[in-house]
């Protein structure tokens, strides 16, 4: 795990909805070297509350994302606490006043990093887990001329209504704590709300069968309650600022490639515009990104394959904690990188 | 809908865990007439926060539960606000001090009603939805000599670990509201917590596909948010006392026929002891009582059939709101009542 990262200055960043973040910035990390013709770049965005180092499990020697072969850029999402976020933005756009950031905005910021900082014109691959998958789809829609391949795993091009409802529960639990104070809490964070949010999330992150099999024991947890406290409450108490969490949650709830300018809300048309070769990887028992939703997306993308990650880990198949799932995803990425890109 | 009900005095009711509720009582309603040889009685317990009138959709002329043919007893669960509950018990066992009630206790109380009040020795059928299904299983284990048939729908004999986690999220959302005050709120109920609980519940009660298809429109809701407020928040704000909700939630989380005295925690042995002819009806897309769990239960009951309720309504297939599901369940009950009972 490397906490080392670089900062790319976005200057005045105007969002899709018209706010301007002055002095905005992206925190990012890179792995490997950009080759001479700048043809080996991969973008691998972060997931809900994830930081760049949380993506490193899928990067390494001998893996599909091998830094000896590829130049892998991991941009931190706006809102995640490292890039511009409620927690690190000066007034008046600080904390509860941080503007709404769309997935389109996330990719617009990353596009500037990729083109202005590195002069990259083509991406060999965009890939990501969960909200990272949403950004992956968005890359292929926002910049079809740049993206050779996409591999979204455990995520969607448009956040489904059920997924929004799941997130409403998460949000309601966090904000029910009066210490949240409309986002104007001080140094005393609403930890009751964060712990409640963690318990709500726990049922969604892993499948019914994961719990039935007590698979959490393989992660070192000694009882169900130990898993709820040790993994889940610990997860959300680990420096995850509530306003940041709510900012990213808004981004997630409002994800839809159909809202890319030019598509007027037509998600199917946006999917149909994708030129990249796509390998779409939902997890068999993902409770908020179920495989049937991705089958729908694949049916609208010209050159796409659906490959379901089997097993009982549910959404967290894409978290890097289960070796079998990691191998499945890595192998899928190898297959995809061996195929012609969509711009060939 | 009939709010008319009778009261059965339980006197001093000692729970499985050793508390004694003094002056305890069951509220119940009956439909039809007990016949001369007392062979036509059906028990149909209530579900989580449900009241007897919420069961009436499955009772009627020409239906399997026809009051012209059967004597149908609907006992309200302890904790539901009509039978002895945190909200209607005098100190010192009132409110947050209401004792833990097991599913075993629920059936023990109902057994007294059925035998002492009505002199019934055999039940033609026990059936119920959700927690009502849990009580159905418990009847067959607590009193195998009495129960001819059982038809648990969308429920389980033992609350699964994942189901417990779902309920942890519900509980955490409700209690994150500081107005809950450890259960010692006065007239100002923790409505923020109740609304948060409702939003958490919303994602679980219906399936992903139900939301994808915007099926809530068939219930008269005009948008997703209208459904979340109009149906879900309205549901939990409709006189549902928070301590009552938590009492029933504890009962639910701790449901396990294996904890019936004599079985020492061995759920499979308890299921194997069932003499009733069983028709087990999980819903295809129930997110907290998935069909595979009930397939497991059926595999341990000597004379049981699994029949999955098809469709996208998820858990609420058993709520009586979708005519197709209602017809499926009613038809299944007719089939079961046409079969020989397990005590024949």
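Backbone N, Cα and C atoms are what each Cβ position is placed from, and that goes for glycine too.
Over in TrEMBL, the protein carries these features:
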type	residues	note
ACT_SITE	A:130	active site, nucleophile
ACT_SITE	A:286	active site
ACT_SITE	A:315	active site
DOMAIN	A:64-316	domain 'AB hydrolase-1'
Inset, instruction - Sorry to bug you, but what's the C-alpha spacing from residue A:315 (active site) to residue A:130 (active site, nucleophile), rounded to the closest Å? - result: 8
Legend entry - Candidates A:130, A:286, A:315: member of the active-site residues with the richest Cβ shell (10 Å): A:286
Inset, instruction - Name the secondary structure element type, per DSSP in three states, that contains residue A:130 (active site, nucleophile). - result: coil
Inset, instruction - Please report the DSSP secondary structure of residue A:315 (active site), reduced to three states. - result: helix
